[in-house]
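For reference, TrEMBL has these:
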DOMAIN    A:328-536  domain 'ABC transmembrane type-1'
TRANSMEM  A:33-53  transmembrane segment
TRANSMEM  A:332-354  transmembrane segment
TRANSMEM  A:361-378  transmembrane segment
TRANSMEM  A:416-437  transmembrane segment
TRANSMEM  A:469-488  transmembrane segment
TRANSMEM  A:515-536  transmembrane segment
Amino acid sequence: MSDTTQTGPMRAADGTPLKTSLARALRRQKLRALMLIAPLLIFVLVTFIAPIADMLFRSVENQIVSETLPNTVRALKDWDPKSEASPDEPVFAALAVDFQVAAEQKIHTKLGSRLNYEDPGISSLFRKTGRGADDIGKEFMGRFTDADKAWKDGETWAALMGSDAWLEKQAEWAAAKEDGAREPRFAPRSEAADALPLTADAYRTFARDTQATGRKGVPDTKPWPALFTALAQDLATASPEALAAVGGPSAGLLAPAATAVAGFEPFSYKETFVGIDKDWDKVSNWETIRLYSGNYTPGYFLNAVDLEKGVDGVQTRPEQQRIYLKLFWRTMWMSMLITFCCLLLGYPVAWLLANLRASTANVLMILVLLPFWTSLLVRTSAWKVLLQQQGVINDILVWLGLVDDANRLVMINNQFGTIVAMTHILLPFMILPLYSVMRTIPPSYLRAAKSLGATNWTAFWRVYFPQSVPGIGAGAILCFILAIGYYITPELVGGTQGVFISNRIAFHISSSLNWGLAAALGSILLGAVLLLYYVYDKIVGIDNVKLG
Amino acid sequence: MTSATASGSPAFVSFEHVQKSYDGETLVVKDLNLSVGKGEFLTMLGPSGSGKTTCLMMLAGFETATHGEIKLGGRPINNIPPHKRGIGMVFQNYALFPHMTVAENLSFPLEVRGMAKAEREKKVKRALDMVQMGAFGGRRPAQLSGGQQQRIALARALVFEPELVLMDEPLGALDKQLREHMQFEITRLAHELGITTVYVTHDQTEALTMSDNIAVFDDGRIQQLAPPAVLYEEPENSFVAQFIGENNTLLGTLKEIKGDVALIQLDDGELIDAKPVNVSKPGERTRVSIRPERVEFNKARLQPGAHTLKAEVLEFIYMGDIFRTRLKVAGNEEFIVKTRNAPDQVRLEPGSQIEIGWLPTDCRALDA
């Protein structure tokens with residue numbers, strides 16, 4: 001007889017632990033189930049979850065400053081904004097290189113628009129400087145070519161900055177000139193990168209940019225003026241040993257160039273920039289660049305709740321710039337009011353639906369569903385026709401003599417219009433869950449309550465109503481969440497006083513193109529809904545919500 | 001018309017010429033006259049659609065009578081809303097409020113009557129103890145078994161001490177054993193508390209075991225109102241005879257009536273004696289009804305000179321406590337005989353020919 005009183009985990013007949021055995025038996029089933037939902041899961045992930053996650057990520061993303069002005073951002077670390085003076089020469093020197101490189105790639109305006117969100121007006125400064133910055137490079141280009149004509153040549157630069165291996169491959173490619181063959185990817189010469197860091201960075205960007213546009217080979221392309229600015233700065237600081245370590249065909253040019261640079265007449269980057277636009281001397285502009293130089297920024301979120309970063313940390317925005325908190329608050333209370341109106345109007349209808357004879361209830365149900373078969377725009381426009389000052393309702397009121405013709409009621413393009421139109425539109429979302437819950441409440445409960453001595457009202461309030469609460473919960477949460485994100489109706493009938501936060505999000509997505517702020521507003525909205533959902537779960541209990 | 005109950009005591013509940021129609025075209029209840037004495041346990045028994053539940057609902061106040069008067073304690077209640085009638089009711093599916101605990105359910109009728117908390121608690125506790133559910137006050141109805149829910153529903157209908165309790169097929173959802181137990185419980189409570197009970201069921205065993213009086217409903221009318229024994233032994237018409245218990249019927253024509261014995265010629269020509277119930281004129285068609293347990297095939301036990309019939313044994317079914325034998329008698333192949341499983345009992349062989357007979361008083365000549 002086998003020992004049945006074993007210790008340790010339960011084991012299957014073949015000795016494997018029962019849990020393993022069970023998991024193995026269920027694995028096929030689980031896999032099959034997963035495969036069944038896989039198409040939808042992938043579809044939702046690819047077309048819905050991923051784009052939304054990416055979009056929301058934009059609310060904190062801020063690489064553009066440090067990517068466009070890497071050297072400037074580094075140099076700015078030493079600057080103290082409290083000194084009340086714009087940064088010194090080194091920062092402007094770095095800016096000169098960064099800005100020219102950016103201007104060559106035409107990305108300086110993008111940065112301008114980005115910073116403009118934080119400091120309105122800064123984008124014009126960037127646009128204007130883009131045109132003038134080239135002159136700095138041209139100045140240095142002139143000085144270098146005066147020293148040696150070879151500097152004007154793209155090949156000189158390629159030989160100096162490119163690695164030997166790359167130069168070899170590049171030469172092969174240039175010789176073959178096959179159609180469609182891509183130029184070998186640029187690889188930097190490591191000693192040159194060590195000795196001339198600014199130049200190497202700029203040249204890498206130059207080479208990539210050239211290869212990306214891909215008309216001519218890198219050595220055949222005219223070097224950017226920015227390279228000369230960078231080279232002048234590098235040579236002024238580079239040690240002779242480091243320069244001597246650089247090899248390659250153009251290595252011989254470096255030592256004379258370094259000597260020439262030492263003999264250059266002094267050049268003030270700061271004066272040049274201030275000469276292009278005197279706003280470069282303003283502390284506030286530099287403060288903005290410094291504050292938003294991080295890879296990630298809370299700036300959009302601060303902006304979304306009417307705050308901003310200041311010299312002394314977070315501060316509220318000026319009175320006339322505060323708008324979002326007001327909008328969030330308005331969205332919340334109007335959505336709640338709309339939900340409440342839906343409940344007030346929908347409850348009796350749902351009750352009728354659940355208690356009428358089937359044939360009558362079906363007709364009523366069609367009436368409830370009718371709005372679903374009509375376009376949202378049509379329904380909203382219909383409300384415009386009804387509610388406007390020369391509209392149907394006003395006409396009737398005037399005709400009845402209830403309203404004076406001169407004082408027609410303003411019922412549209414304000415909060416009233418939004419509430420009326422949205423209550424109408426969201427009503428089915430309240431009625432349907434209510435109805436499906438009410439249908440499951442047997443009439444015998446009401447009868448029982450009455451037979452026990454309860455009046456009609458007590459029977460309803462103590463017995464029927466508590467049992468319909470799951471339906472109220474489902475309807476309310478559905479209506480509220482739909483209302484809080486509603487966009488078209490407030491846009492059309494809300495005027496300025498009846499618009500929601502979603503209208504502002506849409507504005508930033510499609511008009512101001514401040515997607516970061518739109519993402520931050522959207523994230524806050526999402527967070528608020530999730531928070532409310534959590535609170536709702538704590539109070540009502542999500543188990544108590546029934547859709548049928 | 002002064003109402004008198006079947007037992008002769010003054011009426012506590014009475015229906016007087018009550019009619020009910022839902023659609024204005026057909027009557028669901030046709031001219032109902034019924035009286036229930038105080039403390040009486042009356043069962044309304046009938047097939048579905050016979051109008052018994054409608055009568056109960058009219059009494060409870062959930063349906064209004066189209067015509068006629070319903071009186072409670074001598075007072076017409078037609079225009080009194082249900083919550084003022086003070087009638088306890090047990091529903092088919094118990095209708096225990098799912099969002100309240102058992103104690104809250106029981107407390108509800110007391111609360112709406114404005115009773116103080118301390119007294120409420122006392123009464124709830126007593127009612128729960130009465131149905132042996134004292135420990136379950138804090139539970140929700142969904143946490144109870146069907147039988148327990150049934151007890152709670154009963155306690156809730158009784159807790160506010162109504163004089164009249166209505167029960168609408170309250171045991172329909174229970175299994176057989178529990179049902180039998182509850183039948184006993186309900187009758188015990190009803191008699192102990194002296195409550196008048198109107199009980200609706202379509203289960204005749206339930207009706208027979210529980211009731212003081214049974215009103216058999218069919219086609220919107222009361223076919224017979226009588227105590228269980230009378231109803232079973234002396235059905236007044238063939239519907240009641242068919243509906244209550246098992247019954248063998250033979251069709252024939254009345255030849256003549258001699259005293260209280262009628263001579264019936266069956267359709268195959270044989271003659272039998274029967275007790276005339278609602279036949280009187282010779283030549284009238286009649287349906288003769290005999291209970292399976294009153295059929296005798298031991299000639300020695302029959303009265304001398306009694307008519308006997310030839311029968312062929314078709315089937316013998318062993319059922320434990322009884323034997324059930326199916327015979328072919330006068331062309332009827334569904335003629336059943338029940339015999340007790342006693343040591344000396346004969347077990348009839350299928351195919352054998354026998355002669356059967358019965359006492360004329362056990363054989364009732366009813367309407368065809």
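Just so you know, the numbers here start at 1 and follow the chain as drawn.
Cβ atoms are placed via backbone N, Cα and C, with glycine included.
A contact between the transmembrane segment (A:416-437) and the transmembrane segment (A:515-536) is absent, since fewer than 3 of their C-beta pairs, 6 or more residues apart, lie under 8 Å. Same-chain residues lying 6 or more positions outside the transmembrane segment (A:469-488) and placing a CB less than 8 Å from one of its CB atoms are 331-332, 334-336, 338-339, 342-343, 346-347, 350, 376-377, 380, 422, 426, 429-438, 500, 502-503, 505-506, 525, 528-529, 532-533, 536, 540, 544-547. Note on the transmembrane segment (A:361-378): residues 349, 352-354, 424-425, 427-428, 431-432, 435, 488-489, 492 of its chain, located 6 or more positions outside it, place their CB under 8 angstroms from a CB of the stretch. Under 8 Å from some Cβ of the transmembrane segment (A:332-354) lie the Cβ atoms of residues 361, 364-365, 368, 415, 418-419, 422-423, 426-427, 429-431, 434-435, 438-439, 441, 468, 471-472, 475-476, 479-480, 483-484, 486, 498, 500, 528, all in the same chain and six or more residues away from its ends.
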